[in-house]
Every structure is written in structure tokens, then in C-alpha cells.
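Remarks on the structure that follows.
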Amino acid sequence: MTIKLIVGLANPGAEYAATRHNAGAWFVDLLAERLRAPLREEAKFFGYTSRVTLGGEDVRLLVPTTFMNLSGKAVAAMASFFRINPDEILVAHDELDLPPGVAKFKLAGAHGGHNGLKDIISKLGNNPNFHRLRIGIGHPGDKNKVVGFVLGKPPVSEQKLIDEAIDEAARCTEMWFTDGLTKATNRLHAFKAQ
């Protein structure tokens, strides 16, 4: 099994660029930068895309330009065009249930209330069997404050932790292609930014 599509979830536009909900896009942006493969807008895929080589494999990067709750439209368009199966997709997203400074790989599972994941599962024919990169952003402590929290900007101290976790996640994603998922997962799951 090889990953052929890496997606970073986000809301479009400058007003959302620095919000916690865009952590997935921060990850794909960093990966594109590390691999010297600038993202370019591609209307037919409803997002910014790039093509990279990881461990000798041809991989597409995607940051949808749809709103978060419509992310599945972009993912399904690209998966359909390139004949990519759900289990060949890695979706990076913000994760309330992990603290800033932590990121974890996961295969399949429910959407956990995340509107981006919810729409992707739906648009892939109710198939949740894709890989996720869960980027910890922490939780406001009150479920009624979640919307404002994910659409807010993290304080500098938290941003630093999130950035360090994303940096490690990018390294571990590259490692996945050269050394396998188990080794990459073990390394990433042992990491906690200080």
C-alpha cells in the first residue's frame, strides 16, 4: 500500500490562514516547501495542488480551496481523476483531542465531529478507510466554545508547539515512504514538542 494523495484541510482566504482549523494546510505547505514543489491553484480539483516524488513514488499534494465542510468535493475530484483509492489517501487535519506539540498517524475511524473529515467520508462513498495525520491543537475545555476555538489563532507559545509537531510530522511522512509506516508511526508517536 502506497500513499498517492496527501491532503491538508483548511478554510480558504487570508482571514482563516492563521487559524487552528488550518493546521492540515500548514503541514502540506511545509511538505511542498521541503520537497521544493510549490502548490498551484488548479480549478478542476478545487484547490492548490503539486506533484512530488517520495521514496520513488509519484504523490499528489492538495489543499482544497473549498470551505472546510466541502473538502470532500476536492478530495473526490482528485481521487477520481487519478484513480486513487481511499486507503491511498493521507488527510492532515487539526485535532482537538491531542495537545499542541503532538501529531499522530491514524487509519480509518469516525470523523469525530470534524466537518472536513465528515464531508470526505461522505464524498468517498461513505468510506472512512483513509489515513489521517491528526495535528494536535488542544481543546477549549467546553464543547460550546469549539467553533470559536478552531477558528481562532493560537497564542505564540502554542503556535510554536504546533509548528514543531508539523515539522516532525513532515519528516515522519517522508520516512513512511522510505522506511515504512510502522517505523514512521513509532517515531512520530514518541515525539512531543516542549
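Each residue, glycine too, has its Cβ placed from N, Cα and C.
What Swiss-Prot says about this protein:
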type: ACT_SITE; residues: His21; note: active site, proton acceptor
type: BINDING; residues: Tyr16, Phe67, Asn69, Asn115; note: tRNA binding site
type: SITE; residues: Asn11; note: site 'Discriminates between blocked and unblocked aminoacyl-tRNA'
type: SITE; residues: Asp94; note: site 'Stabilizes the basic form of H active site to accept a proton'
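Overlay of Swiss-Prot feature records on the structure.
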residue: Asn11; record: site 'Discriminates between blocked and unblocked aminoacyl-tRNA'; DSSP (3 states): coil
residue: Tyr16; record: tRNA binding site; DSSP (3 states): coil
residue: His21; record: active site, proton acceptor; DSSP (3 states): helix
residue: Phe67; record: tRNA binding site; DSSP (3 states): coil
residue: Asp94; record: site 'Stabilizes the basic form of H active site to accept a proton'; DSSP (3 states): strand
residue: Asn115; record: tRNA binding site; DSSP (3 states): helix
Which has the fewest other CB atoms in a 10 Å radius around its CB: Asn11, Asn69, Asn115, the listed recorded positions?
Asn69
Close binding-site residues near Asp94 (site 'Stabilizes the basic form of H active site to accept a proton'), where close means Cα within 10 Å, chosen from Tyr16, Phe67, Asn69, Asn115:
none
Beyond Tyr16, Phe67, Asn69, Asn115, what residues of that chain have CB atoms within 8 A of the centre of the tRNA site's CB atoms?
Asn11, His21, Thr66, Met68, Leu70, Ser71, Gly116
Residue among the recorded positions His21, Phe67, Asp94 whose Cβ has the most other Cβ atoms within 10 Å:
Asp94
With every protein chain in view, how many other Cβ atoms are within 10 Å of the Cβ of Tyr16 (tRNA binding site)?
17
In Å, how large is the greatest distance between any two Cα atoms among Tyr16, Phe67, Asn69, Asn115, the listed binders of tRNA?
16
Distance check, please: Cα of Phe67 (tRNA binding site) against Cα of Asn11 (site 'Discriminates between blocked and unblocked aminoacyl-tRNA'), rounded to an integer number of angstrom.
5
Asn11 (site 'Discriminates between blocked and unblocked aminoacyl-tRNA') and Asn115 (tRNA binding site), Cα-Cα, nearest whole angstrom:
11
